[in-house]
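If you check TrEMBL, you get these features:
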TRANSMEM  33-51  transmembrane segment
TRANSMEM  72-93  transmembrane segment
TRANSMEM  130-148  transmembrane segment
TRANSMEM  160-177  transmembrane segment
TRANSMEM  211-233  transmembrane segment
Amino acid sequence: SFKMQALGCGCVGQAVLSRGAHGGPMTVSVGFAMAVTIAVYVSGGVSGGHINPAVSLAMCVTGRLKWTKLPIYILAQLLGAFVGAAAVFGIYYNAFMEYSDGKLEVTGPNATAQIFATYPAPYLSLVNGFADQVMSTAVLLLAIFAIFDTKNNSVPKGLEPIAVGVLIIVLTNSLGMNSGCAMNPARDLGPRLFTAVAGWGMEVFTAGNNWWWVPIVAPLLGGVLGAMTYVIFIEMHHSDPQSEEENEAYAKYELTN
């Protein structure tokens, strides 16, 4: 989670603080996706590389992770995101100070809080934003379950994180305009907490019509929805391995006769 946040928010920070000279929507989309890929490679062998409470919750609901581990996973993800945000602020501290004459603003032309957490577009309602996050996270989890499903057209072992990165590029390019496509409660709340204590103040929780809770609740619901959709409509309908072997034997028998 730290690796994802440090590299991902670093991409956003570089784009914002340079006023577009060293990045833009595409570098943020690709950069954040590759940050997730690297984070999964780093932590995948130890924890499964969830780096997202929505993924961990979906794994618990579908019986892939023990419920007793869920609080530990979520706490680690939050702490990693918080420290990752702090690292970005430290590395770009002089740039932050120069950008807005030392003022850390949440809204307006010199806003920098959006480097760390997501905020809704001016036109976006809470209901529309909630639906946005439910749908994008549902698609994320549905596709992740497909990528790691060895009975499906599975990705070659070791390349799954790259497939996840490509998936996130697609999601951020297609569903990112409304509110930045958080899809991850820890990725949003951890850095938001950091900004609250680092100088941006409590406005980070009131901005966007008290937006802060949407990227927490909606992804958790969407993740479970996407995971269950995959299990019910795809995973449960895989052929039994034994029956496949029997079919192959029967086909050979028919062929030889």
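Backbone N, Cα and C atoms are what each Cβ position is placed from, and that goes for glycine too.
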- Query: Which one of these stretches, 72-93, 130-148, 160-177, 211-233, has the most C-beta pairs shorter than 8 Å to the transmembrane segment (33-51)?
  - Reply: 160-177
- Item | Outside the transmembrane segment (72-93), six or more residues from its ends: residues with CB under 8 Å to it | 1-6, 8-10, 13-14, 17, 47, 50-53, 56, 65, 115-116, 185-187, 189-191, 193-195, 198
